[in-house]
Amino acid sequence: MNTLAPRLTDLAHGGGCGCKLAPSVLQQLLANQPAARPFAQLLVGNDMADDAAVWQVDDNTCVIATTDFFMPIVDDPRDFGRIAATNAISDVYAMGGKPILALAIVGMPINKLDSTTIAKILEGGASICAEAGIPVAGGHSIDSVEPIYGLAVIGLCHPSEVRRNGGVKAGDALILTKGIGVGIYSAAIKKNALPPGCYEEMIGSTTLLNRIGADLAADPDVHALTDVTGFGVLGHGLEMARASQLSLTLRLSAIPFLSQAYMLAEQGFITGASGRNWASYGADVVLPDDLPDWQRLLLADPQTSGGLLVACAPEKAGALVEKVRLAGYPLAGIVGTAAAGAAQIKVIS
């Protein structure tokens, strides 16, 4: 192994959840696969576009299983590991569960990265697992062309507290717990154009565990959960709408954004994944006539380790937002509503 230490982002053709296959491509691939639902205990399988698989063990216990991995979104190896681990664990929280262990997924170009750099990536991931109170109990590694890191995560949940993305009810309020703009920031990082202070803001958001999801799922007034990741707030909101057979309305002025996301998006720091996302689902999104393209693409911006999108009883929304903010998610707010109608998203000013 040599001692070269190039920028991690220079070794990857894409980074973070922006590496995900476009929604339309993924749908086409899954359409040719048999649905994994002939098992009575499999409460959530691969036919639901949900965040994780859920298997009911008995009357009191469900096992939640998920995996998530990607290429670098930042150049600091420890931060890359931390972000990837936070993102992977999030799927368990988004289903209403609590993680119990993780397995590392590691692919590294060993002729390009030295052992110290790779070790820092693993240390970063392990530090987040420790924060979540779980061990990295094993894993698998390969020599790969691009750096890849992530986790397979197992969690537990009571059957009554499983929260799917398809449980939204007409009249529900929609809450978002983190700011949008991680993809925009990552595009600026690639071009060495991220303003001062924004890197710390981005790391603070992407390494903040979504552990509030398990607390929210214990509340019967919370009807559905999902995390906002590579398909953007529009894409994951649309998954909610389709799974619930309802129409969602998002108010643009209420959506929280990272502090410089608007400025950077207007300057053209847009990822290719934003365009692919929009091409996949734009036909089911109704936008204001005067919305500029950069704002449209910002709503399709791929989030890495994004926040939770929560559907809850409208009369409880204010109290839930306050609870979420006090738990350490200061940008949380009510961003929209659900109503009877065709499965689509309408964006209003």
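Yeah, the Cβs are placed from backbone N, Cα and C, and that goes for glycine too.
Mg(2+) binding, as stated in Swiss-Prot, involves Asp91, Asp227; the candidate among Asp51, Asp58, Asp59, Asp114 given for that site is Asp51. Over all protein chains present, the Cβ of Asp51 (Mg(2+) binding site) has 29 other Cβ atoms lying within 10 Å. Summary of the Mg(2+) site environment: with the site residues Asp51, Asp91, Asp227 set aside, the chain residues having Cβ atoms within 8 Å of the Cβ mean position are Asp50, Ala52, Thr66, Ser90, Val92, Tyr93, Ala94, Met95, Thr226, Thr229. For Ala49 (ATP binding site), the count of additional Cβ atoms within 10 Å of its Cβ stands at 20 [all protein chains shown].
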